[in-house]
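Peer 1: Quick paste from TrEMBL:
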type: TRANSMEM; residues: 197-228; note: transmembrane segment
type: TRANSMEM; residues: 240-260; note: transmembrane segment
type: TRANSMEM; residues: 280-306; note: transmembrane segment
type: TRANSMEM; residues: 340-358; note: transmembrane segment
type: TRANSMEM; residues: 428-452; note: transmembrane segment
type: TRANSMEM; residues: 458-476; note: transmembrane segment
type: TRANSMEM; residues: 483-500; note: transmembrane segment
type: TRANSMEM; residues: 520-539; note: transmembrane segment
Amino acid sequence: MMSRCEEPLRGGKNAEEYISVDCQMADADEIIAEQEPSADQREGSNDEELIYKIYESPPAVSVIFFGLQQAILCVAGTMSLPLTLTSLLCEENNINLQAELQCNAMFVSGIVTLIQCTVGSRLPSIQGGSKAFLAPMIALLSIEQFKCASDLNQYAGQTDAVNSSLDLNTTAVGVITWHERLNVVQGSLITASLAQVLLGCTGAIGFMLHFIGPLTIAPSIIMIGLSVYEIIAKLAQPHWGLWALTCAIVIICGVFLEKVEVPFVWWNKKRGFHKVSCKLFVLFPVLFGVIIAWSVSGIMTAAHVLPEGADTPSFKARADFGIGSVRNAKWFFVPYPGRYGLPTVALGGILGMLLATLSSVVDTLGDYYVAARMCEIPPPPSHAVNRGILVEGLGSVLGGSIGIGHGTTVYSGCIGFIGITKVASIRVFQAAGVIMIIMGLCGKFGALLAAIPTPIQAGVMTIGLGVVISVGISNVKHVHLSTRNVSILGNSILMGFVVSEWVKKHTDAIDTGSPEVDQMLIVLCTTPMFLCGVLAFILDNTVPGTLEERGILSMRAELTTNSTAGSQGAHICELESYRPYNIPYLTPWLQKYSWSRFIPFLPTFKESSLKCRINCCEKAKRCFKPSCRVV
């Protein structure tokens, strides 16, 4: 059984305030008993037994089929990000560029997914584009230096558009091209992602959780969705009816028809061909929304309801507005680093991207725990978590160098898909990674995604970002709704939003005498996610309140429950229940060398603090040693 020890809470009001710390006994059998899910837990997390467990391999045809489904889910979640970036680059009419960015995004997602499932966290997960990076990207490209020509004319009070007289590569006033805009986003993303790489290498995520709580995370994530409303409105403008139809179909399929099961014939190795039912509507609501709305657009196009002129406002609502780009697109497209030029760095963009990276890391931790529970295996040990964060950070660096403009994160929907298909095989998710790489190498595929009418894409963005806002709100479940917490949450959201909107319209108010400092301050002050997060962080860590009231204990328990029990040195690698977290072929070799137990992201990593905890628990009920800290 586990024993417990207590230690003084640093920063508490008095020395009598303690936190409970779980201290594991050295016996490996007791560790397994504590870590492995009980029958009741398995029943609660999965109604039926998994057809294919994490280390089992389904037949090749089934692997491809299930992998394709996971890839489609990733496409639905990622397709809106290149569209947003294209708009920010002042290239809304450049369908070829949007197609390239779509291919880049799928290619990077496929590579990171494949690496993550093979040598990363070793959990079945899909790495897709993270919407957390939208807010800093919008703020960075909204400063006067990078504004589009139409925006500059609007602020200057001019009415004549100049876009038509400019080349596609020089759509901004002066010498700023879309390449230069993209390069500054790339450089900021790469630099910020190196912090995530550092977190994975050092295992410092446990230290971060002492200060970053739900009251910091919730307003930051909420503002991710709220900060993109202008782009959604601009994309939906060609036809608000198609936008509303897309939103309605996705909501009907994902919410109203959530429990409707569609019968069809299925096959597996145990039962052969047999009748099964599947909640098809909740699995592919975005796919249904795009297909139906695009079909309606096709009918309206054929009936000449939508105008044919490219200069008319409703042209981008036509079903065939991007068919020319699909026809002209290359079949084979190879993304590579440096394709769009050498990345540049903006300090304000780095800080904004850094906050987005931290938000993505915390979200990833929760997804790892859920994935382990769905797969009916123990929670990931610290070395697997560190390795997963490291790979995700490297993936964001790769994405920045190739030019996708955003980092990657674990897609929760793809993890939830395991509970429906009862297939947790790591081979399926590796196959999904390969499929996404193939999609990224096919230029026609990217052009097809870019050819979707913009109101339909705006509808998909609306629902996706609505879910992001909901995720932010759900973090409030950890905290007590006391006057302290309600005040911090409400004021941080409102103040961050108000300040960012005012600075956007009065950028000349910031004048320090240094153009570089002015640019940094403008980017930070026009990033509502950054303002809300920093304000909430300061208030949460300065206004008196217990860890329980602040929700830190609850969030820490959910994200890292028992995660340290599996990191007890080389011997833990030999436990059967932790076999999925070992790196094939590499773990047996590492066990021969003692130095490997000091590397936080290797399977043989051994936490030095564990021995101290065990001794503390054995010798006394209270531990006052400085080295015995909660991680």
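Just so you know, glycine gets a Cβ as well, placed from its N, Cα and C.
Where the annotation comes from TrEMBL, it is an automatic prediction and has not been curated.
What does the local environment look like for each feature on the list?
Peer 2: Counting only same-chain residues 6+ beyond the ends of the transmembrane segment (240-260), those with a CB under 8 A from a CB of the stretch are 279, 281-282, 284-286, 288-290, 292-293, 296-297, 317, 453, 455-456, 458-460, 462-463.
Sequence-distant neighbours of the transmembrane segment (340-358) (same chain, 6+ residues past either end, Cβ-Cβ under 8 Å): 130, 132-133, 135-137, 139-140, 179-180, 182-193, 195-196, 208, 212, 220, 224, 393, 396, 400-401, 403, 407, 516, 519-524, 527, 529-530, 533-534.
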Peer 1: Out of 280-306, 458-476, 483-500, 520-539, which stretch has the largest tally of CB pairs under 8 angstroms to the transmembrane segment (197-228)?
Peer 2: 458-476
Peer 1: Counting CB pairs under 8 Å, which listed stretch among 428-452, 458-476, 520-539 touches the transmembrane segment (483-500) the most?
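Peer 2: Ranked by Cβ pairs under 8 Å, first place goes to 520-539.
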Peer 1: Give the one range among 428-452, 458-476, 520-539 whose Cβ atoms make the most pairs under 8 Å with those of the transmembrane segment (280-306).
Peer 2: 458-476
